[in-house]
Amino acid sequence: MAANDVPCCETMFWVYLLVCVALVVFAGLMSGLTLGLMSLSIVELEVMIKAGEPHDRKNAEKILPLVKNQHLLLCTLLIGNALAMEALPIFVDSLLPAWGAILISVTLILAFGEIIPQAVCSRYGLSIGAKLSFLVRLIIIVFFPLSYPISKLLDLLLGKRHSTLLGRAELKSLVYMHGNEAGKGGELTHDETTIISGALDMSQKSAKDAMTPVSQIFSLDINFKLDEKTMGLIASAGHSRIPIYSVNPNVIIGFILVKNLIKVRPEDETSIRDLPIRRMPKVDLNLPLYDILNIFQTGRSHMAAVVGTKNHTNTNTPVHEKSINGSPNKDANVFLSIPALNSSETSHQSPIRYIDSISDEDEEVIGIITLEDVMEELIQEEIYDETDQYVELHKRITINMPMSGNSPETATWASELASPISPYRSSLLSPSIMISTLLRSPINSPYRHSLLLRPTLHASPPAQSPSILSPDSNNERYYYLSPSRVLRKSYEKLSRSNGS
């Protein structure tokens, strides 16, 4: 067609003008939808469907079937955009001179066919794509004979779906960016980002990263007697579970629960051999922490022995250990058979391996791992206990637990004798009373606001009522009061105060 073939203001002129406007609008829709729909990943839409806002969920449900076949959608939109852009100069050339047709067509296509539609659809691509999903389906049907063969060729060359999942490092960076500490408007707190990062890192950590070496654990020989000195060491250690070994600390055969010692009287000097020794699972040195956590979740034990090959482990612990009383062990080469190791797990086959009284020749215990160790790796922070002394294993830095207002170090004691660190206490109180003080719950500790102390573990015979330790204000010595006498004194004091 030559220039000015259609006279101005005639019917065909308006028809051609409407066609040009329609082509510009159609090209703009195709360009905007190409950017808006193709920028939405399948994973992002699935997340919106499961956890998005109600209106976003509806929009994602409409768009997801279209985006699943990405190559077909891409070919359809590009073919429609190309046809509109190629047809527009033909109709504009019928209305304007050549130079005017080039200027107007380039301006219309650039402004209204590319820049504005892509800017709007990049911002509101989800809502616009959902509202125009019916039109997109109609266009796919119209251009299906052209777009389908090209899309199948792209599927063959590039693959049907492109991976949009993030790796672990990318997820950690994404979580950190969503934290409020990053300053980008995220809602995740420091604890949330730390725990999520710890959960992602735990799959790459094994038992050797969280265990406590054998040389640093508190354990007892099975031949030890539970006298006052042993009970004092157990109380000062502050552990709820204590590993038990046979002669050599590397030959761990099980563990005992400290709460089971509440009925043990130190004057009886009960042997550890006579106590119920629980079986301890054994885990490989390179076993992932998640597998260890699954073992702990079974409820059979919250402590496991970490074993390694003797050729790859080197422990400096001597074979002949001295007992608490100072006498060396005589049966250094004898392995003990413990009848108390029987448990409910022996009645059926279990995939969990346990430490036996006789270990494998190529294996030896190199450390202990507990549920607390695994949880510390998960939250990436130390779990402080009210009795332990803390040493960071990897950096060898002593960590002091911050004192609270209720801690014994900051409390006001009724007298110098009431404090467990008093220099007068060791000379006036027997070791049994000292042990009971160490085992006393901090809730019932002898602070000034509480005069009643928790009964000792062994000071009273079974047939007698538990004694209560009370300070004498006159001579600062301790004597025993029965519960009835304490209540009677309190009642008399209350009566005098009411009478006055």
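Glycine residues also receive a Cβ, built from the backbone N, Cα and C atoms like all the rest.
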Same side of the membrane, Leu66 and Leu135, by Swiss-Prot annotation: yes
N-linked glycosylation site: annotated position in Swiss-Prot, out of Asn325, Asn342: Asn342
Tertiary contacts of the topological domain 'Cytoplasmic' (117-137) (same chain, 6+ residues out, Cβ under 8 Å): 28-29, 31-33, 35-37, 39-40, 48, 55-56, 58-60, 62-63, 66, 73, 76-77
Intrachain residues whose Cβ lies under 8 Å of the transmembrane segment (72-92), provided they are six or more past its termini: 1, 16, 19-20, 23-24, 26-27, 30-31, 33-34, 37-38, 66, 101-102, 104-105, 108-109, 113, 136, 139-140, 143-144, 146-148, 150-151, 154
Beyond the flanks of the transmembrane segment (138-158) by at least 6 residues, Cβ under 8 Å: 66, 69, 71-77, 79-80
Beyond the flanks of the topological domain 'Cytoplasmic' (34-71) by at least 6 residues, Cβ under 8 Å: 77-78, 81, 118, 121-122, 124-130, 133, 136-137, 140, 150-152, 154-155, 158, 160-162, 164-165
